[in-house]
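Read the structure below first, then the notes.
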Protein chains: 2
Amino acid sequence: MELLKKRILKDGIVINNSILKVDNFLNHQIDTKLFNEIGKEFKRLFEGQTIDKILTIESSGIAVASFASIHFNYVPVVFAKKTNSSIIDENVYTSKVHSFTKNTDYIIRVSKKYIKDGENVLIIDDFLANGCAALGLIEIIEQSGANVAGIGVVIEKIFQGGREKIEKRGYKVNALASIENFDDNKIIFK
Amino acid sequence: MELLKKRILKDGIVINNSILKVDNFLNHQIDTKLFNEIGKEFKRLFEGQTIDKILTIESSGIAVASFASIHFNYVPVVFAKKTNSSIIDENVYTSKVHSFTKNTDYIIRVSKKYIKDGENVLIIDDFLANGCAALGLIEIIEQSGANVAGIGVVIEKIFQGGREKIEKRGYKVNALASIENFDDNKIIFK
């Protein structure tokens, strides 16, 4: 998506050849006009597929998923909640996710009421890096008996291996901007 | 807002005469069609006012603010981040917020880059209860030299005193559904 790539080049800041800061338009300040175009692009990429629901993860996935929903005929958005607590609640699906950035594990939860057997669920998130968050969402959908209709991410950092892990599980990833690598803190798109 | 009140009566669950669970459509599963109407209603309530930016707080304020933005000509949305850490960073505005639900304090942060002196900032959130989160956002706007253009919330629980505190600070609150009280776990709208 050219508009997005241009914006990343304009406003993205690379730190230590591994972190891309895009809080100017993506995950602290939100450029909602751009997000609407992002939603449109996801619709184009998953055209023809039945999507009953969009699943994302708090916090920065929520706005992306919301704008995508508009273009998927306003299907409901469900966002997984992050928590450190390991209290067992039989009314929720859970999955453990490792955060490399914070070097800690957290549990994500989705109420069993909101993902149902047989539904076609599209996963949407802002970033795909090592894939842990996306795999956590996949596990929750698998537990529920619903189908993973696809995985759509705004920005992918290919060199961190997330796509490979997800494709090995048999699912398809669509990224709007794929970063091959950082070279001297410069962004190299695929 | 009649559509919203009907939905609260249909899907809201009151616990212990104090907590209203609306995770069916508001803060876990999101009914984006309803959220679009909510955004439209905020526009109607703040009609004629100059709004340069919408400020909200993660996580459940993000979708509400995003849909509001569409109807305010796609002004940027900024969401304050919650953290427990008290590391001092001179590039952010911070405010301490007390959570009555979790009986703990947390710090909210907004980068100084995204709220500027002289801007007209509309605060949007999902709930107004004791007002601590909204007051935290007000403090951040005041620190920045921007103007609080107003406070819009989806659901207000009047009996928890948030509105009173905010009005004492000289700001106006608009709520789309105002709950006077719970009576035997039944919802009494104002």
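The chain as shown is numbered from 1 upward.
Note: Cβ is positioned from N, Cα and C throughout, glycine not excepted.
TrEMBL: automatically predicted annotations, no manual curation.
Among B:LEU20, B:LEU34, only B:LEU20 appears in TrEMBL as part of the xanthine site alongside B:ASN27, B:LYS157. Most other Cβ atoms within 10 A: among the binding-site residues B:LEU20, B:ALA129, B:CYS132, B:ALA133, that distinction falls to B:ALA133. Taking the Cβ of B:LYS157 (xanthine binding site) as reference, residues of its chain lying under 8 Å away and at least six apart in sequence are, in sequence order, B:LEU20, B:PHE127, B:LEU128, B:ALA129, B:ILE179. Neighbour density around each Cβ, counted as other Cβ atoms within 10 Å, peaks among the binding-site residues B:ASN27, B:ASN130 at B:ASN27. Counting residues of the domain 'Phosphoribosyltransferase' (B:37-164) by DSSP class, helix then strand then coil, yields 39 helix, 48 strand, 41 coil.
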